[in-house]
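Peer 1: Found this in TrEMBL, in case it helps:
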type	residues	note
TRANSMEM	12-45	transmembrane segment
DOMAIN	17-234	domain 'CWH43-like N-terminal'
TRANSMEM	65-86	transmembrane segment
TRANSMEM	106-127	transmembrane segment
TRANSMEM	133-152	transmembrane segment
TRANSMEM	164-186	transmembrane segment
TRANSMEM	206-229	transmembrane segment
Amino acid sequence: MPGIRQPPAMLCCMPGVAFVPALLVSWSSASFIISYVIAVLAGHVEPLVPYISDTGTKPPESGVFGFMINISALLAVITMCIRYLLIEKQNESSHFIRSSCNMFSLCIGLVGCIGMGIVATFQELAVPSVHDIGALVAFGSGVVYITLQSIISYKSCPQWNTYFVCHIRMAISVISCIAFIPMIVFASQISMTKIDWTPDEKDYTYHFLSAICEWTVAFGFIFFFLTFIRDFQRVSLRISTEIHEDS
């Protein structure tokens, strides 16, 4: 006799996935802070505004930095994919943006995550050229991603976002964009690759200003993803399966 299809059996129902961006924000913040503290206590970097990568170059902090940044990249991928699916669902009824624009934003974000993986895997002093390319990809793609997401947020107002949240996102995007440009310009003026800088050294001013901009952009990303938490409270994660019985 033909198989009889039973109603779907729900294996898991989770009311909201706000924990995903929350975990991304807390984990990424911890990765920066923990590696910084270890590097400073070990005497590998000066306490006053080192590059983020400088705090993850020598052991033992290099292992902590690499592991935690790779996890951050994975969490960022998950967050961006959920954000993409959320916008697609909202767009079904509101039609506030082209689906291709949403996909383009996701792809840019994923490229940035690949850059994060390169930064975490290839140490600054071991393979500086590869490391620098990864950092440029991560920060450049990240700035473009949050800017696109800010524009998408405005497009979805007022049904899916408040203008207050949109203004915050755009402000973070603008600050990150402004900081990204001098970060690259000042870094390009540095003639040596090292991590233990002192104020009386050549190119220290360029290093100092570039590092300030780098930290600004990095925490700009963190604060931006923090604004996703409320949006993700509307999303439920449901995993189901269908049971087939033959008689």
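From the backbone N, Cα and C atoms, a Cβ is placed for every residue, glycine too.
All TrEMBL annotations are machine predictions without curation.
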Peer 1: Are there residues at least 6 beyond the ends of the transmembrane segment (133-152) whose Cβ is under 8 Å from a Cβ of it, and what are they?
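Peer 2: For the transmembrane segment (133-152), the sequence-distant neighbours (Cβ-Cβ under 8 Å, at least 6 residues beyond its ends) are 53, 80, 83, 87, 97, 101-102, 104-105, 108-109, 111-119, 121-122, 166, 169-170, 172-173, 176-177, 180, 183-184, 214, 217-218, 220-221, 224.
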Peer 1: For the transmembrane segment (206-229), could you work out the same-chain residues 6 or more beyond its ends whose Cβ comes under 8 Å from its Cβ atoms?
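Peer 2: Same-chain contacts beyond the flanks: 18, 21-22, 24-25, 28-29, 32, 48-52, 76, 79, 83, 139, 142-143, 146, 149, 165, 168-169, 172-173, 175-176, 179-180, 182-183, 186-187, 189-190, 197, 199.
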Peer 1: Do any residues of this chain, six or more beyond the ends of the transmembrane segment (106-127), have a C-beta under 8 angstroms from a C-beta of it, and if so which?
Peer 2: 51, 53-54, 56-58, 62, 65-67, 69-70, 72-74, 76-77, 80-81, 83-84, 133-142, 144-145, 148, 193, 195
